[in-house]
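Student: Before I ask anything, here is the structure I am working with.
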Amino acid sequence: MVFRKPPDGGWGWVIVLVSFFTQFLCYGSPLAVGVLYLEWLDAFGEGKGKTAWVGSLANGIGLLASPVCSICVSSFGARPVAIFSGFMVAGGLMMSSFAPNIYFLYVSYGIVVGLGCGLLYTATVTITCQYFDKHRGLALGLISTGSSVGLFIYAALQRALIELYGLDGCLLIVGALSLNILACGSLMRPLESSSSPPPEKTCVDKVPDQYFVYHEKEKTVEENISILEKGYIDEKCVNNVPDCKQDSILNKNVLSSININEKDTYKKKVVEQTNFCKQLAKRKWQLYLTYWKETMVLFKNKVFSALFVAILLFDIGGFPPSLLMEDVARSANISEDDYYMPLISIIGIMTTVGKLILGILADFKWVNTLYLYVTTLLMTGVALFAIPFAKSYLTLAMLSGILGFLTGNWSIFPYVTTKTVGIEKLTHAYGILMFFAGLGNSLGPPIVGWFYDWTQEYDTAFYFSGFCVLLGGFLLLLAALPCWNACTNQSSKLPPNTYSYKVASNA
(Lines of atoms letter the chains of each structure in order from A and count residues from 1; the text may use other names and numbers.)
(Lines give C-alpha, C1' and ligand atoms only; values in the text may rest on other atoms or scores of the structure.)
Protein backbone atom coordinates (compact mmCIF):
# COMPACT_ATOMS: atom_id res chain seq x y z
CA MET A 1 0.00 0.00 0.00
CA VAL A 2 1.41 3.39 -1.04
CA PHE A 3 0.44 6.39 1.09
CA ARG A 4 0.24 9.94 -0.11
CA LYS A 5 2.20 12.70 1.57
CA PRO A 6 0.52 13.48 4.92
CA PRO A 7 -1.96 16.32 4.24
CA ASP A 8 -1.61 17.83 7.75
CA GLY A 9 -5.24 18.87 7.63
CA GLY A 10 -8.41 18.25 5.70
CA TRP A 11 -9.91 14.89 6.58
CA GLY A 12 -7.04 14.49 9.02
CA TRP A 13 -8.89 16.68 11.52
CA VAL A 14 -11.88 14.35 11.24
CA ILE A 15 -9.49 11.50 12.04
CA VAL A 16 -8.29 13.41 15.09
CA LEU A 17 -11.88 13.99 16.24
CA VAL A 18 -13.03 10.37 15.89
CA SER A 19 -9.76 9.07 17.37
CA PHE A 20 -10.32 11.36 20.36
CA PHE A 21 -13.81 9.95 20.95
CA THR A 22 -12.58 6.40 20.33
CA GLN A 23 -10.00 6.67 23.10
CA PHE A 24 -12.55 8.48 25.29
CA LEU A 25 -15.06 5.64 24.97
CA CYS A 26 -12.69 2.69 25.22
CA TYR A 27 -10.29 3.92 27.90
CA GLY A 28 -12.76 5.82 30.09
CA SER A 29 -13.72 2.84 32.24
CA PRO A 30 -10.35 1.00 32.36
CA LEU A 31 -8.46 4.13 33.39
CA ALA A 32 -11.12 5.03 35.98
CA VAL A 33 -11.15 1.46 37.27
CA GLY A 34 -10.07 2.73 40.67
CA VAL A 35 -13.73 3.47 41.41
CA LEU A 36 -14.67 -0.10 40.50
CA TYR A 37 -11.63 -1.41 42.38
CA LEU A 38 -13.11 -0.33 45.72
CA GLU A 39 -16.42 -2.03 44.87
CA TRP A 40 -14.70 -5.27 43.85
CA LEU A 41 -12.71 -5.27 47.09
CA ASP A 42 -15.96 -5.14 49.07
CA ALA A 43 -17.88 -7.51 46.77
CA PHE A 44 -15.39 -10.39 46.52
CA GLY A 45 -13.33 -9.90 49.70
CA GLU A 46 -10.02 -10.67 47.99
CA GLY A 47 -6.63 -9.10 48.76
CA LYS A 48 -5.57 -5.77 47.26
CA GLY A 49 -2.84 -7.32 45.12
CA LYS A 50 -5.17 -10.00 43.77
CA THR A 51 -7.98 -7.54 43.01
CA ALA A 52 -5.59 -5.06 41.40
CA TRP A 53 -4.90 -7.61 38.65
CA VAL A 54 -8.27 -6.77 37.06
CA GLY A 55 -7.43 -3.13 36.40
CA SER A 56 -3.80 -3.81 35.58
CA LEU A 57 -4.74 -6.44 33.01
CA ALA A 58 -7.32 -4.13 31.43
CA ASN A 59 -4.67 -1.45 30.96
CA GLY A 60 -1.74 -3.74 30.26
CA ILE A 61 -2.95 -6.65 28.15
CA GLY A 62 -3.61 -4.46 25.12
CA LEU A 63 -0.09 -3.08 25.31
CA LEU A 64 1.36 -6.54 25.84
CA ALA A 65 -0.34 -7.61 22.63
CA SER A 66 0.89 -4.52 20.77
CA PRO A 67 2.97 -6.53 18.26
CA VAL A 68 -0.15 -8.53 17.40
CA CYS A 69 -2.23 -5.32 17.33
CA SER A 70 0.31 -3.73 15.00
CA ILE A 71 0.17 -6.71 12.65
CA CYS A 72 -3.64 -6.54 12.63
CA VAL A 73 -3.66 -2.82 11.80
CA SER A 74 -1.00 -3.31 9.11
CA SER A 75 -2.87 -6.25 7.58
CA PHE A 76 -6.50 -5.12 7.76
CA GLY A 77 -6.31 -1.35 8.22
CA ALA A 78 -7.40 0.96 11.03
CA ARG A 79 -11.11 1.06 10.12
CA PRO A 80 -11.92 -2.70 10.27
CA VAL A 81 -9.81 -3.13 13.40
CA ALA A 82 -11.56 -0.24 15.14
CA ILE A 83 -15.03 -1.57 14.36
CA PHE A 84 -14.17 -5.10 15.49
CA SER A 85 -12.53 -3.81 18.67
CA GLY A 86 -15.61 -1.75 19.50
CA PHE A 87 -17.59 -4.98 19.80
CA MET A 88 -14.87 -6.44 22.03
CA VAL A 89 -14.84 -3.52 24.47
CA ALA A 90 -18.63 -3.28 24.70
CA GLY A 91 -19.04 -7.04 25.06
CA GLY A 92 -16.36 -7.34 27.71
CA LEU A 93 -17.88 -4.59 29.84
CA MET A 94 -21.35 -6.10 29.63
CA MET A 95 -20.04 -9.58 30.44
CA SER A 96 -18.30 -8.18 33.51
CA SER A 97 -21.65 -7.19 35.00
CA PHE A 98 -22.42 -10.93 35.41
CA ALA A 99 -19.07 -11.82 37.01
CA PRO A 100 -19.54 -14.35 39.84
CA ASN A 101 -15.95 -14.04 41.09
CA ILE A 102 -12.69 -12.19 40.57
CA TYR A 103 -11.36 -14.81 38.15
CA PHE A 104 -14.21 -14.18 35.72
CA LEU A 105 -13.27 -10.49 35.75
CA TYR A 106 -9.70 -11.38 34.81
CA VAL A 107 -11.05 -12.66 31.49
CA SER A 108 -14.05 -10.43 30.77
CA TYR A 109 -12.72 -7.08 31.99
CA GLY A 110 -8.98 -7.71 32.02
CA ILE A 111 -8.36 -9.62 28.80
CA VAL A 112 -11.34 -8.90 26.51
CA VAL A 113 -11.66 -5.20 27.30
CA GLY A 114 -7.91 -4.76 27.54
CA LEU A 115 -7.21 -6.37 24.17
CA GLY A 116 -9.94 -4.30 22.53
CA CYS A 117 -8.43 -1.11 23.96
CA GLY A 118 -4.98 -2.11 22.70
CA LEU A 119 -6.26 -2.64 19.17
CA LEU A 120 -8.07 0.71 19.24
CA TYR A 121 -5.05 2.56 20.58
CA THR A 122 -2.76 1.18 17.88
CA ALA A 123 -5.32 1.96 15.18
CA THR A 124 -5.84 5.57 16.27
CA VAL A 125 -2.13 6.34 16.69
CA THR A 126 -1.17 4.73 13.38
CA ILE A 127 -3.80 6.44 11.25
CA THR A 128 -3.11 9.81 12.90
CA CYS A 129 0.61 9.57 12.15
CA GLN A 130 -0.26 8.75 8.53
CA TYR A 131 -2.36 11.92 8.18
CA PHE A 132 0.04 14.32 9.96
CA ASP A 133 3.71 15.18 9.71
CA LYS A 134 4.32 18.86 10.47
CA HIS A 135 1.64 18.99 13.19
CA ARG A 136 2.01 15.39 14.33
CA GLY A 137 2.83 16.34 17.91
CA LEU A 138 -0.32 18.44 18.21
CA ALA A 139 -2.49 15.77 16.56
CA LEU A 140 -1.17 13.01 18.83
CA GLY A 141 -1.63 15.26 21.84
CA LEU A 142 -5.24 15.94 20.90
CA ILE A 143 -6.24 12.32 20.37
CA SER A 144 -4.43 11.13 23.49
CA THR A 145 -6.43 13.59 25.58
CA GLY A 146 -9.46 11.47 24.77
CA SER A 147 -8.41 8.83 27.29
CA SER A 148 -7.66 11.51 29.88
CA VAL A 149 -11.02 13.21 29.44
CA GLY A 150 -12.58 9.76 29.64
CA LEU A 151 -10.77 9.16 32.94
CA PHE A 152 -12.05 12.49 34.31
CA ILE A 153 -15.68 11.94 33.26
CA TYR A 154 -15.93 8.19 33.83
CA ALA A 155 -14.58 8.45 37.39
CA ALA A 156 -17.57 10.58 38.40
CA LEU A 157 -19.97 8.82 36.01
CA GLN A 158 -19.22 5.32 37.30
CA ARG A 159 -19.52 6.47 40.90
CA ALA A 160 -22.94 8.01 40.17
CA LEU A 161 -24.10 4.95 38.23
CA ILE A 162 -23.04 2.64 41.07
CA GLU A 163 -25.12 4.67 43.54
CA LEU A 164 -28.16 4.61 41.24
CA TYR A 165 -28.04 1.16 39.62
CA GLY A 166 -25.38 -0.79 41.49
CA LEU A 167 -22.13 -2.22 40.15
CA ASP A 168 -23.82 -4.53 37.62
CA GLY A 169 -26.03 -1.79 36.18
CA CYS A 170 -23.04 0.55 35.93
CA LEU A 171 -21.06 -1.92 33.82
CA LEU A 172 -24.05 -2.59 31.53
CA ILE A 173 -24.59 1.12 30.85
CA VAL A 174 -20.90 1.80 30.31
CA GLY A 175 -20.74 -1.15 27.90
CA ALA A 176 -23.69 0.22 25.93
CA LEU A 177 -21.96 3.60 25.65
CA SER A 178 -18.91 1.87 24.19
CA LEU A 179 -20.92 0.77 21.15
CA ASN A 180 -20.48 4.32 19.83
CA ILE A 181 -16.94 3.25 18.93
CA LEU A 182 -18.45 1.55 15.86
CA ALA A 183 -19.56 4.91 14.46
CA CYS A 184 -16.15 6.43 15.12
CA GLY A 185 -14.34 3.54 13.45
CA SER A 186 -16.45 3.81 10.31
CA LEU A 187 -15.06 7.32 9.71
CA MET A 188 -11.40 6.24 9.78
CA ARG A 189 -10.89 6.48 6.04
CA PRO A 190 -7.49 5.10 5.00
CA LEU A 191 -5.00 7.48 3.41
CA GLU A 192 -4.27 5.79 0.08
CA SER A 193 -2.88 7.18 -3.13
CA SER A 194 -5.50 7.25 -5.88
CA SER A 195 -2.80 7.38 -8.56
CA SER A 196 -0.66 4.62 -7.11
CA PRO A 197 0.15 1.72 -9.43
CA PRO A 198 -1.55 -1.59 -8.71
CA PRO A 199 0.41 -3.63 -6.19
CA GLU A 200 2.78 -6.17 -7.64
CA LYS A 201 1.55 -9.70 -7.33
CA THR A 202 3.19 -11.76 -4.66
CA CYS A 203 4.64 -15.15 -5.35
CA VAL A 204 1.37 -16.66 -4.16
CA ASP A 205 -0.67 -14.58 -6.60
CA LYS A 206 1.69 -15.43 -9.47
CA VAL A 207 1.07 -19.15 -9.16
CA PRO A 208 -0.71 -20.27 -12.35
CA ASP A 209 -4.13 -21.86 -12.24
CA GLN A 210 -2.70 -25.26 -13.09
CA TYR A 211 -1.39 -25.51 -9.50
CA PHE A 212 -4.90 -25.93 -8.21
CA VAL A 213 -6.38 -29.42 -8.24
CA TYR A 214 -10.01 -28.49 -8.59
CA HIS A 215 -11.32 -26.39 -11.48
CA GLU A 216 -15.03 -25.87 -11.67
CA LYS A 217 -15.01 -25.35 -15.43
CA GLU A 218 -12.96 -28.48 -16.17
CA LYS A 219 -15.01 -30.47 -13.72
CA THR A 220 -18.23 -29.38 -15.39
CA VAL A 221 -17.00 -30.40 -18.85
CA GLU A 222 -15.90 -33.84 -17.66
CA GLU A 223 -19.20 -34.40 -15.93
CA ASN A 224 -21.13 -33.39 -19.07
CA ILE A 225 -19.09 -35.80 -21.22
CA SER A 226 -19.66 -38.67 -18.82
CA ILE A 227 -23.39 -37.92 -18.73
CA LEU A 228 -23.65 -37.84 -22.54
CA GLU A 229 -21.71 -41.10 -22.85
CA LYS A 230 -23.91 -42.75 -20.28
CA GLY A 231 -27.07 -41.57 -22.04
CA TYR A 232 -25.80 -42.77 -25.42
CA ILE A 233 -25.00 -46.22 -24.05
CA ASP A 234 -28.38 -46.53 -22.34
CA GLU A 235 -30.19 -45.60 -25.56
CA LYS A 236 -28.22 -48.17 -27.57
CA CYS A 237 -28.99 -50.86 -25.02
CA VAL A 238 -32.72 -50.24 -25.31
CA ASN A 239 -32.79 -50.32 -29.13
CA ASN A 240 -30.21 -52.99 -29.92
CA VAL A 241 -28.88 -55.39 -27.33
CA PRO A 242 -25.94 -56.89 -29.40
CA ASP A 243 -24.70 -53.44 -30.37
CA CYS A 244 -25.00 -52.49 -26.77
CA LYS A 245 -22.61 -55.22 -25.69
CA GLN A 246 -20.10 -54.34 -28.41
CA ASP A 247 -20.26 -50.61 -27.66
CA SER A 248 -19.96 -51.24 -23.96
CA ILE A 249 -16.73 -53.22 -24.51
CA LEU A 250 -15.33 -50.42 -26.69
CA ASN A 251 -16.39 -47.78 -24.20
CA LYS A 252 -14.80 -49.72 -21.37
CA ASN A 253 -11.48 -49.68 -23.24
CA VAL A 254 -11.85 -45.96 -23.95
CA LEU A 255 -12.84 -45.17 -20.35
CA SER A 256 -9.95 -47.24 -18.97
CA SER A 257 -7.50 -45.21 -21.05
CA ILE A 258 -9.22 -42.00 -19.93
CA ASN A 259 -9.00 -43.11 -16.30
CA ILE A 260 -5.26 -43.75 -16.67
CA ASN A 261 -4.77 -40.27 -18.13
CA GLU A 262 -6.92 -38.78 -15.35
CA LYS A 263 -4.84 -40.54 -12.71
CA ASP A 264 -1.62 -39.22 -14.24
CA THR A 265 -3.12 -35.73 -14.45
CA TYR A 266 -4.34 -35.93 -10.85
CA LYS A 267 -0.92 -37.07 -9.61
CA LYS A 268 0.70 -34.25 -11.50
CA LYS A 269 -1.69 -31.75 -9.98
CA VAL A 270 -1.08 -33.14 -6.49
CA VAL A 271 2.67 -32.72 -6.97
CA GLU A 272 2.17 -29.19 -8.23
CA GLN A 273 -0.14 -28.39 -5.30
CA THR A 274 2.47 -29.76 -2.88
CA ASN A 275 5.11 -27.53 -4.43
CA PHE A 276 2.77 -24.59 -4.09
CA CYS A 277 2.27 -25.30 -0.37
CA LYS A 278 6.01 -25.57 0.13
CA GLN A 279 6.54 -22.22 -1.61
CA LEU A 280 3.84 -20.63 0.53
CA ALA A 281 5.37 -21.98 3.75
CA LYS A 282 8.81 -20.82 2.63
CA ARG A 283 7.45 -17.34 1.94
CA LYS A 284 5.79 -17.14 5.37
CA TRP A 285 9.01 -18.28 7.02
CA GLN A 286 10.93 -15.58 5.17
CA LEU A 287 8.47 -12.99 6.45
CA TYR A 288 9.04 -14.14 10.04
CA LEU A 289 12.81 -14.03 9.57
CA THR A 290 12.57 -10.55 8.09
CA TYR A 291 10.47 -9.38 11.06
CA TRP A 292 13.03 -10.61 13.59
CA LYS A 293 15.94 -9.21 11.60
CA GLU A 294 14.26 -5.80 11.56
CA THR A 295 13.65 -6.11 15.30
CA MET A 296 17.33 -6.79 15.94
CA VAL A 297 18.27 -3.77 13.82
CA LEU A 298 15.99 -1.59 15.96
CA PHE A 299 17.65 -2.74 19.18
CA LYS A 300 21.07 -1.79 17.85
CA ASN A 301 19.96 1.81 18.35
CA LYS A 302 21.04 2.83 21.86
CA VAL A 303 18.19 5.28 22.35
CA PHE A 304 15.58 2.77 21.21
CA SER A 305 17.00 0.12 23.54
CA ALA A 306 16.91 2.58 26.44
CA LEU A 307 13.36 3.58 25.56
CA PHE A 308 12.00 0.09 26.13
CA VAL A 309 13.69 -0.11 29.56
CA ALA A 310 12.45 3.36 30.51
CA ILE A 311 8.86 2.71 29.44
CA LEU A 312 8.84 -0.60 31.33
CA LEU A 313 10.06 0.96 34.58
CA PHE A 314 7.88 4.03 34.13
CA ASP A 315 4.72 1.96 33.87
CA ILE A 316 5.67 -0.26 36.80
CA GLY A 317 6.04 2.79 39.01
CA GLY A 318 3.94 5.50 37.40
CA PHE A 319 0.71 3.67 36.60
CA PRO A 320 -0.39 2.46 40.10
CA PRO A 321 -1.43 5.92 41.42
CA SER A 322 -4.16 6.23 38.79
CA LEU A 323 -5.58 2.92 39.96
CA LEU A 324 -4.93 3.00 43.69
CA MET A 325 -5.04 6.68 44.69
CA GLU A 326 -8.61 6.42 46.00
CA ASP A 327 -7.59 3.52 48.22
CA VAL A 328 -4.50 5.46 49.33
CA ALA A 329 -6.79 8.22 50.57
CA ARG A 330 -9.04 5.73 52.34
CA SER A 331 -6.01 4.08 53.96
CA ALA A 332 -4.90 7.52 55.20
CA ASN A 333 -8.29 7.86 56.98
CA ILE A 334 -9.29 10.91 54.94
CA SER A 335 -12.97 11.65 55.47
CA GLU A 336 -15.28 11.59 52.47
CA ASP A 337 -16.61 14.96 53.56
CA ASP A 338 -13.25 16.48 52.63
CA TYR A 339 -13.58 15.28 49.05
CA TYR A 340 -14.26 18.10 46.65
CA MET A 341 -13.49 15.94 43.62
CA PRO A 342 -12.37 12.30 43.17
CA LEU A 343 -8.58 12.06 43.06
CA ILE A 344 -8.84 9.96 39.91
CA SER A 345 -10.77 12.79 38.23
CA ILE A 346 -7.98 15.21 39.14
CA ILE A 347 -5.44 12.86 37.58
CA GLY A 348 -7.60 12.64 34.47
CA ILE A 349 -8.11 16.36 33.90
CA MET A 350 -4.45 17.17 34.55
CA THR A 351 -3.37 14.38 32.21
CA THR A 352 -5.47 16.08 29.54
CA VAL A 353 -3.70 19.38 30.18
CA GLY A 354 -0.32 17.66 30.20
CA LYS A 355 -0.91 15.89 26.91
CA LEU A 356 -1.97 19.08 25.20
CA ILE A 357 0.88 21.22 26.52
CA LEU A 358 3.57 18.59 25.99
CA GLY A 359 2.21 17.80 22.53
CA ILE A 360 2.35 21.47 21.56
CA LEU A 361 5.87 21.84 22.98
CA ALA A 362 7.03 18.87 20.89
CA ASP A 363 6.20 20.82 17.70
CA PHE A 364 8.53 23.71 18.55
CA LYS A 365 11.85 23.61 16.72
CA TRP A 366 13.89 24.59 19.77
CA VAL A 367 12.44 21.80 21.95
CA ASN A 368 14.30 18.52 22.11
CA THR A 369 11.57 15.91 22.54
CA LEU A 370 13.84 13.30 24.11
CA TYR A 371 15.07 15.66 26.82
CA LEU A 372 11.50 16.74 27.41
CA TYR A 373 10.44 13.13 27.87
CA VAL A 374 13.36 12.40 30.22
CA THR A 375 12.44 15.45 32.32
CA THR A 376 8.90 14.14 32.81
CA LEU A 377 10.26 10.78 33.96
CA LEU A 378 12.57 12.31 36.57
CA MET A 379 9.86 14.61 37.91
CA THR A 380 7.42 11.68 38.13
CA GLY A 381 9.90 9.74 40.24
CA VAL A 382 10.23 12.66 42.68
CA ALA A 383 6.44 13.02 42.95
CA LEU A 384 6.06 9.31 43.73
CA PHE A 385 8.58 9.62 46.56
CA ALA A 386 6.41 12.40 48.04
CA ILE A 387 3.17 10.34 48.23
CA PRO A 388 4.00 8.66 51.59
CA PHE A 389 4.33 12.14 53.17
CA ALA A 390 0.86 13.24 51.99
CA LYS A 391 -1.61 12.81 54.83
CA SER A 392 -4.41 15.18 53.79
CA TYR A 393 -6.78 15.51 50.86
CA LEU A 394 -5.16 18.77 49.74
CA THR A 395 -1.66 17.31 49.47
CA LEU A 396 -2.92 14.15 47.76
CA ALA A 397 -4.89 16.29 45.31
CA MET A 398 -1.80 18.36 44.50
CA LEU A 399 0.32 15.26 43.94
CA SER A 400 -2.46 13.72 41.85
CA GLY A 401 -2.47 16.82 39.66
CA ILE A 402 1.31 16.76 39.25
CA LEU A 403 1.37 13.05 38.43
CA GLY A 404 -1.51 13.47 36.01
CA PHE A 405 0.24 16.30 34.17
CA LEU A 406 3.49 14.32 33.90
CA THR A 407 1.63 11.22 32.72
CA GLY A 408 0.69 13.36 29.73
CA ASN A 409 4.10 12.43 28.32
CA TRP A 410 2.23 9.63 26.52
CA SER A 411 1.38 12.22 23.87
CA ILE A 412 5.03 12.76 22.95
CA PHE A 413 6.10 9.14 23.21
CA PRO A 414 4.82 8.22 19.71
CA TYR A 415 6.42 11.44 18.48
CA VAL A 416 9.81 10.41 19.89
CA THR A 417 9.42 6.90 18.48
CA THR A 418 8.53 8.19 15.02
CA LYS A 419 11.52 10.50 14.88
CA THR A 420 13.77 7.68 16.08
CA VAL A 421 12.85 4.95 13.59
CA GLY A 422 10.90 6.79 10.89
CA ILE A 423 7.26 6.57 9.85
CA GLU A 424 7.96 3.42 7.83
CA LYS A 425 8.98 1.45 10.96
CA LEU A 426 6.64 3.18 13.39
CA THR A 427 4.12 0.35 13.60
CA HIS A 428 6.83 -2.25 14.18
CA ALA A 429 8.83 -0.25 16.71
CA TYR A 430 5.82 1.14 18.54
CA GLY A 431 4.36 -2.34 18.90
CA ILE A 432 7.54 -3.55 20.60
CA LEU A 433 7.70 -0.58 22.97
CA MET A 434 4.04 -0.89 23.86
CA PHE A 435 4.60 -4.54 24.72
CA PHE A 436 7.00 -3.51 27.47
CA ALA A 437 4.67 -0.70 28.52
CA GLY A 438 1.90 -3.26 28.88
CA LEU A 439 4.18 -5.49 30.94
CA GLY A 440 4.77 -2.57 33.29
CA ASN A 441 1.07 -1.72 33.46
CA SER A 442 0.22 -5.32 34.27
CA LEU A 443 2.83 -5.71 37.02
CA GLY A 444 2.73 -2.27 38.65
CA PRO A 445 -0.61 -2.24 40.55
CA PRO A 446 -0.36 -5.86 41.79
CA ILE A 447 3.17 -5.20 43.08
CA VAL A 448 1.98 -2.11 44.98
CA GLY A 449 -1.01 -4.09 46.26
CA TRP A 450 1.24 -6.93 47.43
CA PHE A 451 3.46 -4.44 49.25
CA TYR A 452 0.37 -3.24 51.10
CA ASP A 453 -0.75 -6.78 51.89
CA TRP A 454 2.69 -7.52 53.38
CA THR A 455 3.30 -4.25 55.25
CA GLN A 456 -0.27 -2.91 55.72
CA GLU A 457 0.86 0.51 54.42
CA TYR A 458 1.64 2.11 51.04
CA ASP A 459 4.88 3.92 51.96
CA THR A 460 7.30 1.15 50.92
CA ALA A 461 5.33 0.52 47.75
CA PHE A 462 5.63 4.10 46.50
CA TYR A 463 9.31 4.32 47.44
CA PHE A 464 9.80 1.32 45.18
CA SER A 465 7.69 2.93 42.43
CA GLY A 466 9.65 6.18 42.57
CA PHE A 467 12.95 4.32 42.37
CA CYS A 468 11.83 2.43 39.25
CA VAL A 469 10.82 5.61 37.40
CA LEU A 470 13.99 7.49 38.36
CA LEU A 471 16.15 4.56 37.26
CA GLY A 472 14.43 4.43 33.87
CA GLY A 473 14.86 8.18 33.38
CA PHE A 474 18.58 8.15 34.19
CA LEU A 475 19.23 5.16 31.93
CA LEU A 476 17.50 6.87 29.02
CA LEU A 477 19.44 10.07 29.63
CA LEU A 478 22.77 8.24 29.73
CA ALA A 479 21.96 6.36 26.53
CA ALA A 480 20.92 9.51 24.71
CA LEU A 481 23.89 11.75 25.46
CA PRO A 482 26.54 9.80 23.46
CA CYS A 483 24.03 9.36 20.65
CA TRP A 484 23.52 13.11 20.57
CA ASN A 485 27.20 13.79 20.14
CA ALA A 486 27.46 11.16 17.41
CA CYS A 487 24.53 12.69 15.57
CA THR A 488 26.18 16.11 15.74
CA ASN A 489 29.45 14.84 14.26
CA GLN A 490 27.96 12.55 11.61
CA SER A 491 24.78 14.33 10.57
CA SER A 492 26.17 14.93 7.09
CA LYS A 493 26.88 11.23 6.61
CA LEU A 494 23.41 9.99 7.50
CA PRO A 495 21.32 8.48 4.71
CA PRO A 496 18.06 10.30 3.87
CA ASN A 497 15.82 7.84 5.75
CA THR A 498 17.88 7.81 8.96
CA TYR A 499 16.34 9.69 11.86
CA SER A 500 18.34 11.15 14.71
CA TYR A 501 17.27 13.24 17.63
CA LYS A 502 19.45 16.12 16.46
CA VAL A 503 17.58 16.14 13.19
CA ALA A 504 14.26 15.59 14.91
CA SER A 505 14.71 18.52 17.22
CA ASN A 506 15.32 20.85 14.29
CA ALA A 507 12.76 19.36 11.91
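Using N, Cα and C of the backbone, Cβ positions are placed for all residues, glycine too.
Note: TrEMBL annotation is automatic and uncurated.
For reference, TrEMBL lists these features for the protein:
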type: DOMAIN; residues: 15-484; note: domain 'Major facilitator superfamily (MFS) profile'
type: TRANSMEM; residues: 12-40; note: transmembrane segment
type: TRANSMEM; residues: 52-73; note: transmembrane segment
type: TRANSMEM; residues: 80-98; note: transmembrane segment
type: TRANSMEM; residues: 104-125; note: transmembrane segment
type: TRANSMEM; residues: 137-157; note: transmembrane segment
type: TRANSMEM; residues: 169-188; note: transmembrane segment
type: TRANSMEM; residues: 303-319; note: transmembrane segment
type: TRANSMEM; residues: 339-358; note: transmembrane segment
type: TRANSMEM; residues: 370-390; note: transmembrane segment
type: TRANSMEM; residues: 396-417; note: transmembrane segment
type: TRANSMEM; residues: 429-452; note: transmembrane segment
type: TRANSMEM; residues: 464-484; note: transmembrane segment
Student: Taking only the residues in the domain 'Major facilitator superfamily (MFS) profile' (15-484), give me the average pLDDT of this model.
Tutor: 78
Student: For the transmembrane segment (429-452), what are the same-chain contacts with Cβ under 8 Å, counting residues 6+ beyond its ends?
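Tutor: The answer is 47-53, 55-57, 59-71, 118, 121-122, 125-126, 295, 298, 304, 307-309, 311-320, 323-324, 331, 413-414, 417, 420-421, 458, 460-462, 464-465.
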Student: Under an 8 Å Cβ to Cβ limit, what residues of the same chain, 6 or more beyond the ends of the transmembrane segment (169-188), are close to it?
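Tutor: For the transmembrane segment (169-188), the list is 14-15, 18-19, 21-22, 25-26, 28-29, 36, 78-79, 81-83, 85-87, 89-94, 96-97, 120, 123, 127, 154, 157-158, 161-162.
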Student: In the same chain, who gets a Cβ under 8 Å from the transmembrane segment (396-417) while lying at least 6 residues past its ends?
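Tutor: Residues 125, 129, 136-137, 140-141, 144-145, 148, 307, 311, 318, 321-322, 325, 328-329, 332, 334, 340-341, 343-344, 346-359, 361-362, 369-370, 372-373, 376-377, 379-380, 383-384, 386-387, 390, 426, 429-430, 433, 504 contact the transmembrane segment (396-417) from elsewhere in the chain.
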Student: Take the C-beta pairs under 8 A between the transmembrane segment (339-358) and each of 12-40, 80-98, 370-390. Which stretch has the highest count?
Tutor: 12-40
Student: Relative to the transmembrane segment (12-40), which of 52-73, 104-125, 137-157, 303-319, 464-484 accounts for the most Cβ pairs at distances under 8 Å?
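Tutor: Per the Cβ under 8 Å count, 137-157.
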Student: Under an 8 Å Cβ to Cβ limit, what residues of the same chain, 6 or more beyond the ends of the transmembrane segment (52-73), are close to it?
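Tutor: Non-local partners: 30-31, 33-34, 36-37, 40, 81, 102, 105-106, 109-111, 113-119, 121-123, 126, 315, 319, 323-324, 427-428, 430-435, 437-446, 448-449.
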Student: In terms of Cβ proximity under 8 Å, which residues at least six beyond the ends of the transmembrane segment (464-484) contact it?
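Tutor: Long-range Cβ neighbours of the transmembrane segment (464-484): 301-303, 305-307, 309-314, 316-318, 320-321, 370-371, 373-374, 377-378, 380-385, 444, 447-448, 451, 500-502.
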Student: Can you work out which residues elsewhere in the same chain, 6+ from the ends of the transmembrane segment (137-157), have a Cβ less than 8 Å from its Cβ atoms?
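Tutor: Same-chain contacts beyond the flanks: 12, 16, 19-29, 31-32, 34-35, 124-125, 128-129, 131, 174, 322, 342, 344-345, 347-349, 351-352, 354-356, 358-363, 369, 404, 408, 410-412, 414-415.
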